[in-house]
């Protein structure tokens, strides 16, 4: 009992002063008894605190006052929609410049590298070149991969910038080389100044304090073969002379349709622009998936720059592009060969260390406000987790026959050219007269699978036809009010220097009127 009493006596209780107010109309009303407040009791204290109004409560009260529990008025919805659309178009015009059709048009790189001056020995010495990158950026990712594979980490130091709230590249802890807070400040250090877009990757000439190059492909070509005796891994050549032409052939297909194709989907400012971009993207992915059924890498059994350029888009596909950029026809995981091919490259030593998935997701979902206004970060797909990407892929068993690969590649490119020519032809037809092109002979379309090449292959190799395939009236059929496809010509000819097989396609159409044939 004593301990309980002591505890009670040691508890401080505050009695507020009694305030007596006499009611005007009824003086007999007694005042309410005083409330006892214990400052050591948080529950007692909180009961006597007036809750602060929240902004959300204020907005909720206003909406209830205006229209009760029903939906907002149609006029308000229409006004807000029109305002948002106008604001969205304004922001997108700055973020992603487009042409008259609403199709994204990527600005050209301002600083291109001339590889001949780069033979100057001073640039090859450690510390004379400095690389600026951003981890979310696929173009900068290319340079990090080649830099790592060629063991150039000590020769070319790197500074990593992060996207700021306004989308510009900033340094979290400052730039150690130039002491700048943002990449824009680094660009402006040049003697002549700079007022353009400050993009990554960027290769900085330390001695001259100027931008040497901000074109990703120029940089990876330099890293691959431009350092001579300073090359950290001379045994690895990602662009051997005998494959240069084929690498360029792949780049001419992959860059516009895949690397830039995902951006053309995500940044499209009209339905027509999106439809064209998404068709081109998945037609190309279908083609590449079929090609990889018979080839470990794009150009055979060895990794090349073309593979590096494709990989940095594929590693972001299910993580970002499938969701945020509306590349939704398929997930990369649904492509048997493409997904395993991506994992094959991911497991090459040093490549996985260049992939920062958290930075990639933050850089897209939290920064691209026009595409994700709420900045809500989705859960990472399980197929993109490092543990899954590190599982066995069995790509080592895929062997490549050089002649067959060249032939298949040429035919696959030919199919893409057919699709492109068909779209160009259809674009000339008035909307009222258009119908979808119907594919009659699906065996030709090797983009659908890796087994549809036999018929065309025999025709291409037919010596009586001079190694070319011409005519095939049932390849496609276009029935329209004004145009009719009359012939398709696919020619596969060897390159005069490299011997690489190159395709060309001609589609001829005939109008229903007396006008002459038109060739597309």
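The backbone N, Cα and C atoms fix where each Cβ goes, and this holds for glycine too.
Heads up, TrEMBL stuff is auto-annotated, nobody curated it.
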Annotated region 'Disordered' segment (source TrEMBL; candidates 477-498, 499-520): 499-520
Per TrEMBL record, range annotated region 'Disordered' [choices 24-53, 54-83]: 24-53
Structural state census, the domain 'GST C-terminal' (240-374) (DSSP three-state): 90 helix, 2 strand, 43 coil
Reported mean pLDDT - the domain 'GST C-terminal' (240-374): 95
